[in-house]
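Colleague: Before anything else, here's the structure in question.
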Amino acid sequence: MINVYDILKERGYIKQLTHEEEIRELLGKEKISFYIGFDPTADSLHVGHFLQMMVMAHMQKAGHRPIALVGGGTGMIGDPTGKTDMRKMMTKEQIEYNCNCFKKQLAKIIDFSEDKAIMVNNADWLLNLNYIEFLREIGVHFSVNKMLTAECFKSRLEKGLSFLEFNYMLMQGYDFLELNRKYNCVMELGGDDQWSNILAGVDLIRRKESKSAYGMTFTLLTNSEGKKMGKTESGALWLDPEKTSPYEFYQYWRNVADADVEKCLRLITFLPMDEVRRLSSLEGAEINEAKRVLAFEVTKLIHGEEEAQKAKVAAEALFGGNAKDLGNMPTAYIDKDDLNNPLVDLLAKCEILPSKSEARRLIKQGGLYVNDEKVTDINLVLTEEHVTEDGIMIRRGKKNFNRIVVE
């Protein structure tokens, strides 16, 4: 049977490892428990988390047990990694609700039945910690000098780093130790921005338990220009269909740049590598076949085959002019009374764009169309003349479509 390490390596997930040869040997001969942490700062996972979910799924398919840790405790502090400002603190109720939402989304590609995967909340052990005992047992193993060299703290030192956030690395290291003791968890995985925190946990277990522990980071999902993928004009690309519709989700992947198709097929689908190579070799107009496959496969994983098929049909209807299938396109319904209002007001009210200012910005940039006509007037008012048989068609940029139907 193929070693999952080789699968992860071939598909390009792996960025850094603590002990490469040991990890490869371990994954090939034993079934291990490993964990990935999720920071519950929102009530939905987004595309940035999707790559982590894929790694968990590949590992589970090879017989290893994923532990999904939600940071109900650390979430009350906030991870300073990659942040320029201190995060707003959330209530316990918010965090608990977000954790429940995460499990539902993770369960779409991770099997939680019969102890094949487990979800834990670090609030269970962090919230009742005795501070003096924690300092004596854990704090003694952390060098402040060494911590200050970590990338996650460097960028914050000039602007100000609170002692609250400085504790985050100790908390995350303690999470790994706790999971090692309770579940024999021997490996922590995470995005490459978590490397310093992962090293801290590996080192803590080796010091406290005199046992082997390992860490692995994987590449972040970036485009060919090095920018993080998953951002749209409306904000983040969420996995919750209420926040990002299956159609919008499908369209995002259908419209990725040609240069990003191969990477996306490798990292966020389960297509065999031979098929990935075949699709990635297509050129010219044929690359659209690869993009359609990518969009369908990714949407199917997150929203199910039925929703993926609906999104595909709606996208093809739009370009093929088949009006009867437009019902699968993101559609907002308004009353007749809502007409004769400024377009920017309606776009914000229908949540097609996050705000009026965003709508104005898009109009100024020449990126907004009504019924395929470019909008040049920021004060444009929609009237009955704009209502067609299919509703009012709104296009953002070249390929993002919405429909407004007047009831």
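Think of each number as a place in line: the chain as shown, counted from 1.
Glycine too: its Cβ is placed from the backbone N, Cα and C atoms.
The feature L-tyrosine binding site is assigned by Swiss-Prot to Tyr35, Tyr168, Gln172, with sequence analysis given as support. Here Swiss-Prot flags 40-49 as motif ''HIGH' region'. Look at Swiss-Prot and you will find 228-232 tagged as motif ''KMSKS' region'. The feature ATP binding site is assigned by Swiss-Prot to Lys231. Per Swiss-Prot, the feature domain 'S4 RNA-binding' maps to 341-405; the stated evidence is sequence analysis.
Are these features on the surface or tucked inside, and what touches them?
Modeller: Its Cβ taken as reference, Gln172 (L-tyrosine binding site) is surrounded by 26 other Cβ atoms within 10 Å in the chains shown.
Beyond the motif ''HIGH' region' (40-49), the same-chain residues lying 6 or more positions past its ends with a Cβ under 8 Å from any Cβ of the stretch are 70-72, 75, 78, 87, 90, 95, 97-99, 101-102, 105-106, 191, 220-221, 228-230, 236-240, 243.
Summarised by DSSP class, the composition of the motif ''KMSKS' region' (228-232) is 0 helix, 3 strand, 2 coil.
Other Cβ atoms within 10 Å of the Cβ of Lys231 (ATP binding site) number 15 in total over all chains.
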Colleague: Could you round the CA separation between Lys231 (ATP binding site) and Tyr35 (L-tyrosine binding site) to a whole angstrom and send it over?
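Modeller: Spelling it out, the Cα of Lys231 (ATP binding site) and the Cα of Tyr35 (L-tyrosine binding site) are 26 Å apart.
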Colleague: Using DSSP, tally how many residues of the motif ''HIGH' region' (40-49) sit in helix, strand and coil.
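Modeller: Final tally across the stretch: 3 helix, 1 strand, 6 coil.
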Colleague: Counting other Cβ atoms within 10 Å of each Cβ, which of the binding-site residues Tyr35, Tyr168 scores lowest?
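Modeller: The binding-site residues Tyr35, Tyr168 were compared, and Tyr168 has the fewest Cβ atoms within 10 Å.
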Colleague: Translate the DSSP assignment of Tyr35 (L-tyrosine binding site) into the three-state scheme.
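Modeller: The residue in question, Tyr35 (L-tyrosine binding site), is strand (DSSP, three-state).
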